[in-house]
């Protein structure tokens, strides 16, 4: 079904996104500007016509495309990075394949972008899931086909997205020029390996067009009272929670992205989605964006997250295998994703981006810091259909008969680890408890926790068993976390939370044995 001219022009979602897209709306239809379309047609005909058979000539062609879109030329360092990768770092055979096949196929895909967008908006109906800028506090969902995602990522690779106004709209960088700039004079091979992951993605999608869908949802925990759900809980609300603690399983080895059960897989995010994925970053979030590149599409339209917001992305396909972390990160080959497909055509891969406090130091133990972290995690973990039930659990301390395994949506648990405990400097003992509290309040049936062999979490399994044996609720564990943090701030203890909590760890424990 084609949208009518007046219908397309009147769409608020399209008007929101259009300033940040390289296409133009004219006469009620979407087009490439004529000069840009001519350049794309030349690229689509291959190197015999376009003469694009090397990295430095590709950089010149992309600059011509940018000028046709009234964008500035690529920076000299971005040009150098493109030439370095395609002419020096990529094998001769792979580079020839890129210029002979991949680049022309990507150009053909871009020529279809206006039609793909028009089809997208037609299928989005009233705009409830249409591509638009999801600004701060704007709860909503955008549903994109994998083919449209591939076209948008090709725009990013070719550096065709307008940049004016993105910073003012709190939107992250989306073009790949910074990725190639970071290749130049960079001794870390991890930067090259990141680009190899993305190159592999483009080779895969031009060889076989993916046919599924990906949804991007901005989740908001309202700060003002609402009639049909729960608002941003305060300290007292958490104290009153009667939610039972869910199952918690500890894994000293393994990775969140290899989770076999259906779960929300936590992205240890920057408040700007993707963090340093398109620059020099190469830790948990950035690696996930390299092996599941469709995540990058969310960087086009998702504004930075506030304390009461999270972003959930469902359906991205994994394309790459890797090894290492940080400077040791390496692309090691193709990955065939076997996750099943849901009723919306999305792979059952659910990734939730939550950003932790950055270098919190004493804020770890202050009420405001604890509250911010537990509410951030709860916002990421909650299920929209359960909001009224959550409100009851916060308000009724005697309501302990709710089973998370029965109440959760499709038995979708949480797969996580040391959120905010690397470069952000968080305390793993406290963060593990906060995530358990938040997942339990969200009525998730389980938490699968990957410690990455962190020595500070050697007693995590022992602590979990001890707490479950005493039948604590969310409110009771929260109370203990607050009590410990108060003592830590007041200098009454220097112990870690686990040592303080377990028998012989604190003189206050006898009180809590009585809560069974």
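Glycine is treated like the rest: Cβ placed from N, Cα and C.
Predicted automatically and left uncurated, TrEMBL annotations should be read as such.
Here is what TrEMBL records for this protein:
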DOMAIN    91-218  domain 'PARG helical'
DOMAIN    236-458  domain 'PARG catalytic Macro'
ACT_SITE  267  active site
BINDING   270, 284, 325  substrate binding site
ACT_SITE  285  active site
ACT_SITE  286  active site
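Location within the structure of each feature annotated in TrEMBL.
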residue: 267; record: active site; contacts (Cβ under 8 Å, 6+ apart): 284, 285, 288, 351, 352, 353, 354
residue: 270; record: substrate binding site; contacts (Cβ under 8 Å, 6+ apart): 276, 285, 355
residue: 286; record: active site; contacts (Cβ under 8 Å, 6+ apart): 194, 274, 275, 276, 277
residue: 325; record: substrate binding site; contacts (Cβ under 8 Å, 6+ apart): 282, 283, 284, 287
DSSP-assigned states of the domain 'PARG helical' (91-218) in counts, ordered helix, strand, coil: 67 helix, 13 strand, 48 coil
Cβ neighbours of residue 284 (substrate binding site) where a neighbour is any other Cβ within 10 Å: 24
For the domain 'PARG helical' (91-218), mean pLDDT (0 to 100): 95
Residue 285 (active site) CB neighbourhood, other CB atoms within 10 A: 23
